[in-house]
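Feature annotation from TrEMBL assigns transmembrane segment to 21-40, 98-117, 148-167, 237-256, 378-395, 502-520. The feature domain 'Low molecular weight protein antigen 6 PH' is assigned by TrEMBL to 422-469.
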Amino acid sequence: MSRPFTAEDLRRWEAHTVPAWVCKGVLLVGWVVAFGYSAATASTCSPASPCQPDPWLSVFAAALLATPVLLWREPVVGCALGAAFGLLEVVFEADEGIRVAFGLHGLACALVGLWLVEARRAQHRVFGEISAPTVVRRAAPARFTGRSVAAALLLVVGGLALVKYVVDSADVTEHTTAAVRVNGTVVSVAEFAVTVELQSSQRTFDVLAPESYAVGMDVPVLVDGQWAELVSEPRDVTLPLTVMALTLGMAVFLRLRDVAGRRAAQRFLGGPAPSVEVLVRADGRGRAVLHAVDGRPFGSIAVTGAFDDGRMTAVGDLSHGGWVVLVTPDRVLLPNRPLRPHHRALPRRDGPGEELLGVALEVPPLPFPVPPHRRDVVAGRWLLAAAAFLTAGAANLDGPVVLTALWSAGTCAVAGWVRGRPSAVFHHDHASVRSWLRTYRVPWSEVTSIRRDGERLVLELESGARFTLAQSTRPVAELGAIARRLHDLAPHGGELTSRPGGALPAALCFALVAAAVLLLT
């Protein structure tokens, strides 16, 4: 009989957890800073010192691009990649600033990676102390799953990318060998492109360092018939190597994940394995969210098949990154991935909170905007300030980092607009409820239930639709009483409708600002 996983057990178990903000905040921000600095660092290309394509750099770029995704989804692997790339930059990078930026980020990734490994070992020790051995009788899982098939397809894609690089590289080598070196005159310089006047035609070349060229400058060009390239910036055909490295890395990861899950299931099935009793509920995507028996969530796993909420036996390695099999009296749920942290409370399916039955004696002047909570107002102002700061910064930057800055600014602008405005406006016959992109007209006559979900007001309609308002400075009981009074006084008739609204005006306005920044910079 497995012992329940209590709140005290969870406290001991979580004492060793690495806070989520370390990987999803500090390390991600550090990566953005290092990447932004390297992208903004100007490079100089000349015939005496050309910017030669580096095949190994293209291969290592896959690790650079995969690091932020893995820091979010697979922190240990992300830390390992970040540390490895930082070491490579320290050894091979010529620019001192870039070397320091990625070196510091790699060192931070290495330290956090060691912390994560030690934290998981500590969780494993705690689980060993509180668990009881259990024997689960179930056949071993299939040897090859959809992950292995996806890995095989990725291997094919990686092989095709390698073939494309070999073909393109051979083509460039052939043209370079047969080419004649001539001089041309730069007639225009655009962003990442220059136009050169040759004896017989004008040619436009993509460049990485447009600041190395000026109108009227003479530049050497290699010409072979219709083929031409700048001597200072030879054509770069190494992008397929980045695609190859990404796809091969994903294929290896998926296959190793498949093998690890199968071996873990074989260890836990058919022999004594440590176990505890937990409460399991399904989230909106069908994943199993594990709770302590008192209802506090602490982790989630994707499992095979649907299941009913209830108490189950968690068998295996109950630690972040460990494999856990869930057992009920009549079923065994095999995991599709290791356990990940999960601390958000799931919404109640039986309706949120209590019914608010109070009725206001008087109705405030209509229309009545539901005032947002002061915390949301302050957060909205900070987000709008951040959007303005990022937009101003984007106007003074060059290269791809401008798009990153504008995307972040747009996200802040839309979020600030939404958080700082009323989530609903009460009218005599309906409530206007705002979402991110639409405004809903909710007739009071269609409302069948007025509930509370914590400090939020919930309106449920006869059609089954549910609208949850943001937290307000007014007590939720008072808002419920006002809504109940308006519901009782409202005329019959009307239906739920919607129109574009919400944060859409803010998004469109910022899109115009972003377009202006891109045109002017």
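For all residues, glycine too, the Cβ spot is worked out from N, Cα and C.
Please treat TrEMBL annotations as automatic predictions, because they have not gone through curation.
Since we're looking at a predicted model, the values are computed, not measured.
The average pLDDT the prediction assigns to the domain 'Low molecular weight protein antigen 6 PH' (422-469) is 86. Residue counts for the domain 'Low molecular weight protein antigen 6 PH' (422-469) under DSSP, split into helix (H, G, I), strand (E, B) and coil, are 3 helix, 30 strand, 15 coil. Note on the transmembrane segment (237-256): residues 53-55, 57-63, 65-66, 77, 147-148, 150-152, 154-155, 157-159, 161-162, 164-165, 168-169, 172 of its chain, located 6 or more positions outside it, place their CB under 8 angstroms from a CB of the stretch. With respect to Cβ pairs under 8 Å, the transmembrane segment (98-117) is most closely packed against 21-40, considering the stretches 21-40, 148-167, 378-395. Residues 372, 402, 405-406, 408-410, 412-413, 415-421, 510, 513-514, 517, 520-521 of the same chain lie 6+ residues outside the transmembrane segment (378-395) yet bring a C-beta within less than 8 angstroms of a C-beta in it.
Within the chain, the transmembrane segment (148-167) has long-range Cβ neighbours (under 8 A, six or more residues past its boundaries) at 55, 237-238, 240-241, 243-245, 247-248, 250-252, 254-255, 258.
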